[in-house]
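If you look up Swiss-Prot, you'll see S48, S56, S63, S69, S91, S106, S114, S118, S121, S137, S270 (among others) marked as phosphoserine. According to Swiss-Prot, the feature SUMO2 cross-link maps to K140, K240, K247, K254, K264, K401, K459, K467, an assignment based on similarity to another entry. Sequence annotations record features per position, and here Swiss-Prot assigns omega-N-methylarginine to R235 (among others). For 238-260, the entry in Swiss-Prot reads motif 'Bipartite nuclear localization signal'. What Swiss-Prot lists as compositional bias 'Basic and acidic residues' is 272-290. Swiss-Prot lists 530-539 with the feature compositional bias 'Low complexity'.
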Amino acid sequence: MDFEDDYVHSTCRGAYQDFNGMDRDYGPGSYGGLDRDYGHGSYGGQRSMDSYLNQSYGMDNHSGGGGGSRFGPYESYDSRSSLGGRDLYRSGYGFNEPEQTRFGGSYGGRFESSYRNSLDSFGGRNQGGSSWEAPYSRSKLRPGFMEDRGRENYSSYSSFSSPHMKPAPVGSRGRGTPAYPESTFGSRSYDAFGGPSTGRGRGRGHMGDFGSFHRPGIIVDYQNKPANVTIATARGIKRKMMQIFIKPGGAFIKKPKLAKPMDKMNLSKSPTKTDPKNEEEEKRRIEARREKQRRRREKNSEKYGDGYRMAFTCSFCKFRTFEEKDIELHLESSSHQETLDHIQKQTKFDKVVMEFLHECMVNKFKKASIRKQQTLNHPEAYKIIEKDIMEGVTADDHMMKVETVHCSACSVYIPALHSSVQLHLKSPDHSKGKQAYKEQIKRESVLTATSILNNPIVKARYERFVKGENPFEIQDHPQDQQIEGDEEDEEKIDEPIEEEEEEEEEEEEEGEEAGSVEEEGDVEGEEGTAEAAAAGEADAVGEAEGAGEAEEAEEEEEEEGTQEFAAQACATEQCEHRQM
């Protein structure tokens, strides 16, 4: 029996030496050449391999163990030993461990009680080998990184809770990441002991007496560094403190931001009323903008012909046609009335204002009809346009004029064939585009209505309309002079004031952050502007902005109409399409 024991002992010792490359005694009280006896809370006293094997195989009983005496001190069986990634005989605690004094003074025997099993399950101890091999040098960890009192101040987890509930007690902020001196905020990728963290650890309570046990790492006494503890605690609660003050005031922070550009505009434009130099510069700028608008219209006329301005449009419904009957039916249709009702609901305008807006569209249709009639009275101009359409086209180009159908919702041209139109009507793309386009029309109709009411010319007409007069009445002037005067008024409404447009676009971009709250505020402000116009009060800045907004809406309509006009080719309603 002695021979067999000696053989087993020598074989085991040789295997250990080959595995570690050096002669080590893996007794429960030793690690890396340092002899420890955790059972008695002191160093020294190298234990023999005989005593270790006898203890491991249950051949020798020690006091204080009970059922767990067959396992060595601090080597009670748990899920750690069944997982790979570490030495199965390596002690679970490394250098500089305070457990030898804390647990040695708190518990008796060899610490084989249920507390040992409970404590061993904490902090990712059973997460495999990743929690036993530190990938980073301990010297790089922030001082006090693993100190227990830093966790005591803001951890609400109990010391004997489930391992799935308690986070790994690493990192000063409880996020499972160490703070390295190389980076201000530390890395967010790895756990201090390798592998992922077991939890975020956002608790803010106090730990129990046993929940603040040490983990392997550098131990620093925080009693000499109270400032660090305060900083760590303040760091943990800083975000919640910020949210308390930011969230309630979030809606109020944007309003001053939106008001600042208006204040700047008022301050910059108020001197123009008294400074003649600024007035001259403003006039030159306006003339330059008008000239640019004329060049733009000439360019569109050269590209699409003059007929694109002959279309009948409804600015609110984005309806466009070349037939008088169609526009007449639209202005009396339920869809047009629904758009007006939506505008009234969003803007809170009274019935008189809505009637005035409807009359504006009717008057626009009448003026377009007069312009078109005058154009048709000069057939030579129409022939020139028709000739220019096919100019340069030869038989080798394989091009011809065909009739098409334009879908504004999908922005596509469809061949004027029954099968093609029906196929597009039943397509899912058209169904989705139709709903989206309808919502877009409703949103833009509100902006168009408020922009029109801000125009100074429209304000004057509204004042006459409220008094019971007809602001669109055609007087007994010669027809040519009346049309010229109306066109001048329309040009004033349509003239772009591009600098104001840019400022308005910036305000709109900022206003989108505020959402519907800002939109309602703008609408109410514009309603007040309309009422002020009825009383004869007009603000210079508001007039300039209104003119720019009205012109912008009209220009968008004209740009949209150019594509449709190109498809219909003036009165013939035809466009060019390539046939290969």
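Note that the numbers count up from 1, one per residue, in the order the chain is shown.
Backbone N, Cα and C atoms are what each Cβ position is placed from, and that goes for glycine too.
Helix first, then strand, then coil: DSSP counts for the compositional bias 'Basic and acidic residues' (272-290) stand at 17 helix, 0 strand, 2 coil.
When Cβ atoms from all protein chains are considered, those within 10 Å of K459 (SUMO2 cross-link) total 22, not counting its own. On a Cα basis, K467 (SUMO2 cross-link) lies 52 Å away from K401 (SUMO2 cross-link).
DSSP classifies K401 (SUMO2 cross-link) as strand under the three-state reduction. Distance from the CA of K467 (SUMO2 cross-link) to the CA of K459 (SUMO2 cross-link) is 13 Å.
Look at the Cβ of each of the recorded sites K401, K467 and count the other Cβ atoms within 10 Å; the largest number goes with K401. Summed and averaged per residue, pLDDT over the motif 'Bipartite nuclear localization signal' (238-260) gives 43.
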